[in-house]
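J.: Summarising the annotation, Swiss-Prot assigns substrate binding site to 43, 192. According to Swiss-Prot, the ATP binding site annotation covers 119, 165.
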């Protein structure tokens, strides 16, 4: 099924400011990816700023990849402030199943903050859903569960949209579910490629006027198409792929999304 691009042009027109509380591995890549797409990144995790920064932003990303110092406190404060001013909040629960501290952090965030989108790999979403899964650190790992059912369960439980990233991406808001069949096997070879997808989703949500399911679906299609284009002619050249991905995000057009997007609903 083909899709019509609605939000990419709005990102380029509105240049939304995306507040990222992200990990030290992903910060540079996420910031440059947002710039390439047409959004503006703001990378701040200083707890003393968290009552102000969300008020000047159009979306917030909370990424727990490298929890350091007062990050947890900053995430909670930023999330609450974002909820107060009504901007969408994206949660990337990196490696949530790996340690008790990560699990406790996610439990507290989900209890205290209303999220528009939870974006993670299969292992991370299975952990949030309470399903058995053999995660490998912050990587997806392996398991034998129905991932569509996991996405729907988490979406219904927390009243949000869910995106499970993988060879086939799953998007659900608990009532409607779609799968995205674009992408490349090089994505898992580049660290923070999933973190950048979360930031890209935030940019799409920022201009969506509350239509979070359709915005997440288009964000996923757009990003995975950019990955396909970046991977053309490459096999193991992951360094070139990373640079090309930024180039393809900048070159991406609504027409390309409409022509190349492969989704099932």
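Just so you know, glycine gets a Cβ as well, placed from its N, Cα and C.
The shown structure was predicted, so the numbers you read here are calculated from the model rather than taken from an experiment.
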J.: State the three-class DSSP label for residue 43 (substrate binding site), counting H, G and I as helix, E and B as strand, and everything else as coil.
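T.: The residue in question, residue 43 (substrate binding site), is strand (DSSP, three-state).
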J.: For the C-alpha pair, I'd like the distance in angstrom between residue 165 (ATP binding site) and residue 192 (substrate binding site), rounded off.
T.: 13
J.: Restricting to the same chain and to sequence separations of six or more, state which residues have a Cβ under 8 Å from that of residue 43 (substrate binding site).
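T.: Listed in sequence order, they are 20, 22, 27, 30, 31.
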J.: Run through the Cβ atoms and count how many others sit within 10 Å of the one on residue 165 (ATP binding site).
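T.: I get 26 for this one.
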J.: For the C-alpha pair, I'd like the distance in angstrom between residue 192 (substrate binding site) and residue 119 (ATP binding site), rounded off.
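T.: Each residue's Cα considered, residue 192 (substrate binding site) and residue 119 (ATP binding site) end up 13 Å apart.
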J.: Are there residues of the same chain, six or more positions away from residue 119 (ATP binding site), whose CB falls under 8 angstroms from its CB, and which are they?
T.: 90, 91, 92, 162, 163, 165, 194, 197, 198, 201, 216
J.: Look up residue 165 (ATP binding site) in the DSSP assignment and reduce it to helix, strand or coil.
T.: strand
J.: Using a 10 Å cut-off, grab the number of neighbouring Cβ atoms around the Cβ of residue 192 (substrate binding site), all chains included.
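T.: Counting Cβ neighbours of residue 192 (substrate binding site) within 10 Å gives 22.
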